[in-house]
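For reference, the structure discussed in these notes is given below.
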Amino acid sequence: MPLIHWVLLPGQHRRASPPLVSPQCPLLRKRSSVCCEWLRCCGGGEPRPRTVWLGHPEKRDQRYPRNVINNQKYNFFTFLPGVLFNQFKYFFNLYFLLLACSQFVPEMRLGALYTYWVPLGFVLAVTVIREAVEEIRCYVRDREVNCQVYSRLTARGQPPSSAWATSFFLFITQNQRVPADMIFLRTSEKNGSCFLRTDQLDGETDWKLRLPVACTQRLPTAADLLQIRSYVYAEEPNIDIHNFVGTFTREDSDPSISESLSIENTLWAGTVIASGTVVGVVLYTGRELRSVMNTSNPRSKIGLFDLEVNCLTKILFGALVVVSLVMVALQHFAGRWYLQIIRFLLLFSNIIPISLRVNLDMGKIVYSWVIRRDSKIPGTVVRSSTIPEQLGRISYLLTDKTGTLTQNEMVFKRLHLGTVAYGLDSMDEVQSHIFSIYTQVIPSQSQDPPAQKGPTLTTKVRRTMSSRVHEAVKAIALCHNVTPVYESNGVTDQAEAEKQYEDSCRVYQASSPDEVALVQWTESVGLTLVGRDQSSMQLRTPGDQILNFTILQIFPFTYESKRMGVIVRDESTGEITFYMKGADVVMAGIVQYNDWLEEECGNMAREGLRVLVVAKKSLAEEQYQDFEARYVQAKLSVHDRSLKVATVIESLEMEMELLCLTGVEDQLQADVRPTLETLRNHSRPRSRVWMLTGDKLETATCTAKNAHLVTRNQDIHVFRLVTNRSEAHLELNAFRRKHDCALVISGDSLEVGDGGNDVSMIQESDCGVGVEGKVSEGAGGLLAAQRSVRGCQVVVLGWEAHRGWLEKQIAHFSFLPVVISTPRPRYSTIYTMFPVFSLVLDKDVKSEVAMLYPELYKDLLKGRPLSYKTFLIWVLISIYQGSTIMYGALLLFESEFVHIVAISFTSLILTELLMVALTIQTWHWLMTVAELLSLACYIASLVFLHEFIDVYFIATLSFLWKVSVITLVSCLPLYVLKYLRRRFSPPSYSKLTS
């Protein structure tokens, strides 16, 4: 008697950055080869097909990886080297490392070692601790998932084991995550199928229908799986999550049974069982999982601000070298001149203050905290604190459409029959036609002639129109993958509810909101889908009659085919009908010739509707039997199966009868229009906002207009199909010659995948933002993003939060302190930190004003706060102030030059406090505290710096007035210049604040 054991089976845990792409995307093809190389390098050899005997792991034909997940970037040995390498690969950090290391050489030492290593150690410690915390969190998450408990079906006496998961039978209950790639064998659902939630795998919240292997589903109990002799032949592990090729074979039957396996029979790791309890056999584990092969470390994103600072650091270092060479040249390169060059470099090293690194990191943390706690964008999650300032430098914004600009909730808007169209205001006519078809009185022989006529009192034209409407509605009600599920008071009561087909407790489940919208519409006009299982469907008519249909074949929708079909048999008449629906670009060549399809599809698309073409074809019994034989044979093929299956299906897709066009519309998000209007104001005069969608070109254009991404009267330039770079340049030049024009590029001109690449798009961007909500396409984009929000209003938050810091932090960067000896590093790390760091609280304008005048954002895009011009100005200011302090001290304290350290440091501290005050636009009480704290730190440090500074000398009246004069001379001209500039050439924001 078999037993169910609870075993610790390593599970599957996804990183917060799943770069999943569609099979059409070039990134996938590139990554597929990379994954194969990775498998070979890790000792797995060349990936190859496998035969998995159900319930017999000892019969494996090759070694399989353990199903253990490790998402850590480092291990115990590589952690410290890896973190240090990532820090010192940038010149800014490397400079300070070399500076500190130079102090180990006696000839170069300028002071105590701790004065150089303590500041650098503090910066490194913050980074190491941050990385360590992330690694520990990742380890805890991995361990938690790897130790998840799953039930396993085993024979009596067989001990539980988690060493090799391949070929194990696992029970997975509703809302439980699938731990490995599996083949679906059995389900507890009466309809013989189950639904999966795949949002953590492909980024889509629509449920996916999965079907068990028919042979194993027919077994009386799950325990019988251990009694049969069967195996699964599967393709080699690969990256494609949308396709699978394999076969199931049962050898102990006479004759042996073989079934083809496709994507519909799989349960990929990372998905969640949405209905019932399933039994599956483990096929792929560990690094061979589809989700793991699709996962790679996202690129390390460096903000534009950091790159600019790194570049300016190199310029300053170049200036240091030049000054050092000049100083040595003035000494005629006497003696050990090369050593003198190095000593001068060390003397002038404070031109690049290490406190800048501290302020940058701390400022980013503060801004990330401010964004997360902003009451105007509740629910914002900041997953990266390294690039918050990027929100203030966005030049091009690319947004997904479905689930981001729209709600991913479809509404049926149009039924078009060629000669007549029905909109929302005329759906009662469709309902009347359906009612007239199913409520006609069935005449009997005893009835008199007048009674026999019944509905024939209506005109022949109406009977013909009713028949056409009925055929269209019936096709829509049958051609889909929707399953009705019955729930009562929140508790599933499938058996009892299905007996009555109660409307109040029926919920439609499907893999696409389009499908649900169509079936809900057929219900509203009188033809209701009330039941479905793996082999049948039931429709209820307006007269409460139940129509039974047998599902003979179903051809699911794929991105390649852009259509889906179903072959059904009407149980009451025995008629076999092939129904198909799909995009007009593929259906136009399948349906019979007509003169209205292309025109009406274009008209509906221009209204923003997603158009589907519905067609049918009646099949004779012999015709279907011939097709079935060829179709089964093609599905059993393990080589070129997709091509062979498509060829067989295409033999039926000829001269089909065009029934109708359907139009559904995706509802816009509530706040998308005002947000995009703001964005459009930001981007003028150049178009910098892009919407990416897989819709028809006309539909995409209409959606852009409805969302106010472009104005109603704005010209649209459609990028024609190009084949090479020169043609693309010509087309772009043609676009540039137009004024105030929106650009539309079709998928034929670019490789942009299938529209489901939101994760890849976020990862490749400089700053990724995921939009969260029940209508979002999935959590994959949220986890991959540097920050996620609820709603669309995030795109303008960067202005108010970041402008002040970007414009003011450069002041500290360019400060040119006086060159003195030992106290220099202390000055950089202690005396300058608090007042400069307080600038994070500064704001040019209030957030309300920034939102009201988005044109202010353009100043940030030009990079003026950190331009070379700004940098040069501050260098000149620093030279002026440094010269004033030095020569002022020489002039006023000529007889007391022995106190130069006290003189220069005191003047420098006061100058800095005044310069910080000079740059502040909006005072905050913490700024005052920071200035006073900085001054207090200096006063307190006099006790410890008695060897450099004479406290009694500082307390004299002569010292105080002379230092005040020096400070006034160094700062007063700058205050005057600032006043004159604001008076005669005010910045744009000052006009608003005044």
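Quick reminder: no glycine exception, Cβ is built from N, Cα and C everywhere.
Per TrEMBL, the features are as follows:
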{"type": "DOMAIN", "residues": "57-117", "note": "domain 'P-type ATPase N-terminal'"}
{"type": "TRANSMEM", "residues": "267-286", "note": "transmembrane segment"}
{"type": "TRANSMEM", "residues": "307-331", "note": "transmembrane segment"}
{"type": "TRANSMEM", "residues": "337-356", "note": "transmembrane segment"}
{"type": "BINDING", "residues": "Asp400, Thr402, Asp754, Asp758", "note": "Mg(2+) binding site"}
{"type": "ACT_SITE", "residues": "Asp400", "note": "active site, 4-aspartylphosphate intermediate"}
{"type": "BINDING", "residues": "Asp400, Lys401, Thr402, Glu515, Phe557, Lys581, Arg610, Thr693, Gly694, Asp695, Asn757, Asp758", "note": "ATP binding site"}
{"type": "DOMAIN", "residues": "827-986", "note": "domain 'P-type ATPase C-terminal'"}
{"type": "TRANSMEM", "residues": "871-891", "note": "transmembrane segment"}
{"type": "TRANSMEM", "residues": "897-918", "note": "transmembrane segment"}
{"type": "TRANSMEM", "residues": "925-945", "note": "transmembrane segment"}
{"type": "TRANSMEM", "residues": "951-977", "note": "transmembrane segment"}
Quiz item: Which stretch, 267-286, 307-331, 897-918, 925-945, 951-977, tops the Cβ pairs under 8 Å count with the transmembrane segment (337-356)?
Solution: 307-331
Exercise. Helix, strand, coil: count each for the residues of the domain 'P-type ATPase N-terminal' (57-117), based on DSSP.
Key: 34 helix, 0 strand, 27 coil
Quiz item: Are there residues of the same chain, six or more positions away from Arg610 (ATP binding site), whose CB falls under 8 angstroms from its CB, and which are they?
Solution: Met410, Asp514, Gly663, Val664, Glu665, Asp666, Asp695, Lys696, Thr699
Practice problem: Would you kindly give the Cα-Cα distance separating Asp400 (Mg(2+) binding site) and Gly694 (ATP binding site), rounded to the nearest Å? | Solution: 10
Quiz item: What mean pLDDT score does the domain 'P-type ATPase C-terminal' (827-986) have in the model?
Solution: 80
Quiz item: When a 10 Å sphere is centred on the Cβ of Asp400 (Mg(2+) binding site), how many other Cβ atoms does it contain?
Solution: 24
Quiz prompt | Phe557 (ATP binding site) and Asp400 (Mg(2+) binding site), Cα-Cα, nearest whole angstrom | solution = 22
Self-check item: Same chain, 6+ residues apart, C-beta under 8 Å of the C-beta of Phe557 (ATP binding site), given in sequence order
Solution: Asn481, Ser512, Arg563, Met564, Gly582
Exercise. Measure the Cβ-based neighbour count of Gly694 (ATP binding site), defined as the other Cβ atoms within 10 Å of its Cβ.
Key: 19
